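Under the heading domain 'Cadherin', TrEMBL lists 1-33, 34-138, 139-243, 244-353, 368-470. Summarising the annotation, TrEMBL assigns transmembrane segment to 480-501.
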Amino acid sequence: FSVIAVDGGFPPRTGTIEISIIILDVNDNAPIFTQERYIGKVLENMPEGSVVLTVLATDQDAGVNGDISYQLSQAVGQSNSAFVIDPITGEIKLTKPLDFEAAETHELSVRARDGGGLSAICKVLVEVVDVNDNAPELLVSSFSSPLPENTVPGTVVALFTVRDRDSGANGKISCALEDQLFFSLRPAYKNYYELVTVSALDREETAQYILTVTAADAGSPPLTTTQTFTVDISDVNDNAPVFNQTSYTMYVRENNVPTVFVGAVSAADADVGLNAKVTYSLAPVQAAERPPCSCISVNSENGHVFVLRPLDYEQLRQSEVTVSASDAGSPPLRANVTLRLVVVDENDNAPVVLYPAQDSSPASSELVPVSAEAGYLISKVVAVDADSGQNSWLSYHLLRASEPGLFTVGVQSGEVRLRRPVTERDSVKQKLVVLVRDNGKPPLSATAALSALLLKDFSDVRLPHSSPATEDEGDSLTTYLIISLVCVSVLFLISTALFVARKVCRRKELKAGHVLYGADNLQSGLADAAAAGTLPRAYCYEISLTTGSGNSEFRFLKPILPSLPPQHCAVGQGPDEEQDFPCVPVSTEDMAPENPGTLSAGQFN
C-alpha cells in the first residue's frame, strides 16, 4: 500500500512512499489427506510392483513446511510386508502377489509428515478380488512393415486371430485399438481381425507408429492381452529442400586473398536417404537480368561460399547471386535463396591532396602581410580519400615549418593560420609541410608543401616570388657538385695509396736479393764439381745480383746432353762411405769473374 504525506501549505504539497509487507510462513498447518479412508481393489494375480492405489495429502504451508513424506504403519494383528509406499508420490505397491483365499482384505495406516514435524494418519483398505485364471491369446498371421508414405487408405497392415481357453463369459473376447486416427481394426472372419489404414500417412510428420491392440475377455474381472505392432513408414520424395534463412548476407574485406571462405548456406530436406541429400549450385541467370559477379563460388557438398579473386571496394561494393539447393530424389526437388556479398572497405588508399597542387612545377607562394594578427587565414589544404567510413576521415597536422611557432593547422579543417603576429626576426620566405592522415588502421598519410611570403607591401611581390625556383635550382646544383668532389677525392686517395704500396713492396724484394747459397742449392752442385778435382774443396761461393737486374736474368737451365749412364763421385766421404751424385763439370776460371762475388747468368751456365 502507499502512504501519502500532505503539508499545510498552499497549494499543499505531498510525498508518497510505497510500503510492502511480506508475510513469512511458519509451520502451523498439519498435512490433510484428501480422504479419511481409502479403499482399493486388487486382483489376486496382480504381479509384484503393481500399484494398488495412491494416497494424497496436502499442506497449506510453504517451503520445507509444505514438503510431505509418506510411510506405512502396521495394523494390529496384520503384516504389511505385502505392500510398500513411495514416500514421495504416495503410491502403494505390491511387494508380492496376493492370495484371495488367504486374506480377502488388507487394512493399512498411512502417515503423512511435513518438514516441520506435523503429521496426519489415514486408513487404507485393500480388497482382493478373485479373477479367472486364463487370459486371451492373440496370434499374428501376417504383418507388413514398412509402408510407403503414399499408401492409400484401406490397406491391410496386419491379420491376426484371438482365442481364450476359458468358457462362457470368461471366453468371450473383444479387441480394441488404442490409436484409431490413422489405423483401425476391422473384423474379418469369426475371431480374425484386420489392422488397416484409414487416412493418408506422412513420414515427415510421423516416421513410426506403435500400435497397441488389446484383447479382453468378459470375465469378472476380465483378463486382457496386448499386442504391439510397430509400423515403419518409408520415405517418398515429396519435400523440397528448405534453407534455414530466407536470405543470406556475407561480408568480405577488400584486397582479400583468392579463394577466401566467407560463410556457408545451409538447407535441410525433411526426407531421408538420397531424397534428403542436398547439393548446392549457383542458379543460372535469366537473359534479362544483370549478370552477377563471377568471383563467387559455392561448394556443392557443404554449401561453403568462397570469393575466388581479390575485390576492390571502390569498384564493387556488393553483389547478389541466387543459390540453388536440390535433392537427389527422382524427380529432384529444388529451392532457391538470395545471397548478397558485401565488400567491406579497407584502408588501402592514401589521402590525395587537391590544393595546393603537388605537381613538379613550383607552387605559388601565399602572401601574408607582416601586419597580420594571430589567427590570420593563410591558406587551406584540401584533400580527399577514396576509402569510406572512418578510413576517409582526414586530419591535418603541421609536420615541418621554417618557423614552427609561427603557424598552426586546423586538425579537421586543414586551414593554415598564424599562431602569433609576425615579427622582424621572421624571414620573408616561410616553408611549411602539412601532413594529411586518415583514420584507418594502420593510418595512411600524404604531405602538402606550402610556402608563404611575409611582405610589408604587396607591390614588391615579384622579387621574392621568383626566388624559390632559383634557390631550389641552386641548392640542387650545389649538392651535385659536393657529391662529385667527394667521389674524385676518394678515387685520388685510393690510387695514391696503391702506388706507394707497390713501390714499398718492390724495394723490399730488391733488398732480399743477396742470398747465400751454402748447404741447399748451389753448394750441393759445387761439391760435386770439387769431388771431380776441378775445384778446391774449401771454396764457398756467394751469389748476388746487381742492383738493376731482375729475377728473369737468373735462371737454371737444364743441360742438353744425350742420355748417358750417370757418373759417380764421392763428396766429403771416405772410400767406404761414398754417396752417389751426378758429376757437374765446373772450372775455377768460370767461377771467378772480374767482379768477385758477382756471377752472371751466362757465366754460371
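Residue positions begin at 1 at the first shown residue.
Placed from the backbone N, Cα and C atoms, the Cβ positions cover glycine too.
Unlike curated entries, TrEMBL annotations are predicted automatically.
Among residues of the same chain six or more beyond the transmembrane segment (480-501), none has a C-beta under 8 A of the stretch's C-beta atoms. Taking pairs at least six residues apart, the domain 'Cadherin' (244-353) and the domain 'Cadherin' (34-138) share fewer than three Cβ pairs below 8 Å and do not count as touching. Beyond the ends of the domain 'Cadherin' (1-33), by six or more residues, the same chain brings 55-63, 65, 68, 110, 112-120, 122 to within a C-beta distance below 8 angstroms of the stretch.
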